[in-house]
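Feature list (source: TrEMBL):
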DOMAIN    23-288  domain 'NADH:quinone oxidoreductase/Mrp antiporter transmembrane'
DOMAIN    290-343  domain 'NADH dehydrogenase subunit 2 C-terminal'
SIGNAL    1-23  signal peptide
TRANSMEM  59-79  transmembrane segment
TRANSMEM  91-115  transmembrane segment
TRANSMEM  152-171  transmembrane segment
TRANSMEM  178-197  transmembrane segment
TRANSMEM  203-221  transmembrane segment
TRANSMEM  242-261  transmembrane segment
TRANSMEM  281-304  transmembrane segment
TRANSMEM  325-345  transmembrane segment
Amino acid sequence: MNPQAKLMFSLSLLLGTTITISSNHWITAWAGLEINTLAILPLIAKSHHPRSIEAATKYFLTQSAASALVLFSSMTNAWHTGQWDITQLTHPMSCLILTSAIAIKLGLVPFHFWFPEVLQGSPLTTGLLLSTLMKFPPMTLLYMTAHSLNPTLLTYMAILSVALGGWMGLNQTQIRKILAFSSISHLGWMAIIISYSPKLTLLNFYLYALMTTAVFLTLATTKTLKLSVLMTTWTKTPSLSAMLLLTLLSLAGLPPLTGFLPKWLIIQELTKQDMTPAAMAISLLSLLSLFFYLRLAYCATITLPPHTTNHMKQWYTNKPVPSSIAILTVTSTMLLPISPMLLPIT
């Protein structure tokens, strides 16, 4: 892709995100979402492969439907209450439609089917944007309207997201699809707590984005897309493979790594809200996703010859690990000790 075009699309992404997260009016928030959708489409389809074109088409159709529902919900609310302010969403039908629209935007169950397919058809860098930056504007809308949404509905959607995100990722060999189901599972953790502690949802999102960025950049450095190729990367960059192991275990939420912090705080908050059965269900269901994180970690570092992969081993490289990846992997594994600082915020 032409560098000028890539710069223009990247700036449009930043513009759309900034407009949505800083707006109080539904129309400007909707306009920001539309700018985002139109800016990411060329980045998905830039390889001109039929799978990429298919991914861009699926993304366009689902996001257009979600944007139409956002507009419809805000217009219905304005019709009944005379309010266009995002925080003044009070009409029950509008709240229900908006929940569906944001679930489509984020890829929450039962509106999750588009996300693994789109991520599989996108390059790794675009996949990183789809998993992190593109989820930020809908997450801010969810944050601003959290007091109006139905907590029971969100709890059911969250538990289903964690269950299906873990279950459907078990049998995958394509790493991008595994990371897509990982994203769906993490969104379940964010959705279950949004009605009770919105700040905790944002904290979870920030830490998830940090860890996912570290994983995607590591995979982009080693040019890895499948599990069978992941088995051969340890010869190329042994130190990066070792750090990938820790980052994946952090994504799984194992102590004493960073990923344990949001899960611990969410379970604590759910228990305070007398939702112990939901906390138990979501904790047990997250063991499903732990299995495929362990599988990825095993393939990245512990699989040594002789093994059955048909891929050639990669040459060892003397290039230093990019400093961005080094910083991200350190922060995505070692932030748990700062949790006392975060407790007053949440």
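Cβ from N, Cα, C; glycine included.
Caution: TrEMBL annotation is automatic and unverified by curators.
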Model confidence over the domain 'NADH dehydrogenase subunit 2 C-terminal' (290-343), as mean pLDDT, sits at 80
Kindly say whether the transmembrane segment (178-197) and the transmembrane segment (59-79) touch, using the definition of 3 or more Cβ pairs under 8 Å where each pair is 6 or more positions apart.
-> no
Restricting to the same chain and to residues at least six past its boundaries, which positions have a Cβ under 8 Å from a Cβ of the transmembrane segment (281-304)?
-> 158-159, 162-163, 165-167, 169-170, 172, 175, 178, 181-182, 185, 188-189, 192, 227, 230-231, 233-234, 241-242, 244-245, 248-249, 251-254, 263, 266-267, 270
Under an 8 Å Cβ to Cβ limit, what residues of the same chain, 6 or more beyond the ends of the transmembrane segment (203-221), are close to it?
-> 124-125, 127-128, 131-132, 135-136, 139, 175, 179, 182-183, 186, 189-190, 193, 237, 240, 243-244, 247-248, 250-251, 258-259, 261-262, 265-266, 321-322, 324-325, 328-329, 331-332, 335, 342, 345-346
Close approaches to the signal peptide (1-23) from elsewhere in its chain (Cβ under 8 angstroms; 6 or more beyond its ends) | 29, 31-40, 42-43, 46, 86, 129, 133-134, 136-137, 140-141
Contact set of the transmembrane segment (59-79) with the rest of its chain, CB cutoff 8 A exclusive, min separation 6+ beyond the ends, reads 26-27, 29-30, 33-34, 37, 40-41, 44, 88-91, 93-95, 97-98, 100-102, 104-105, 111, 114, 118, 141
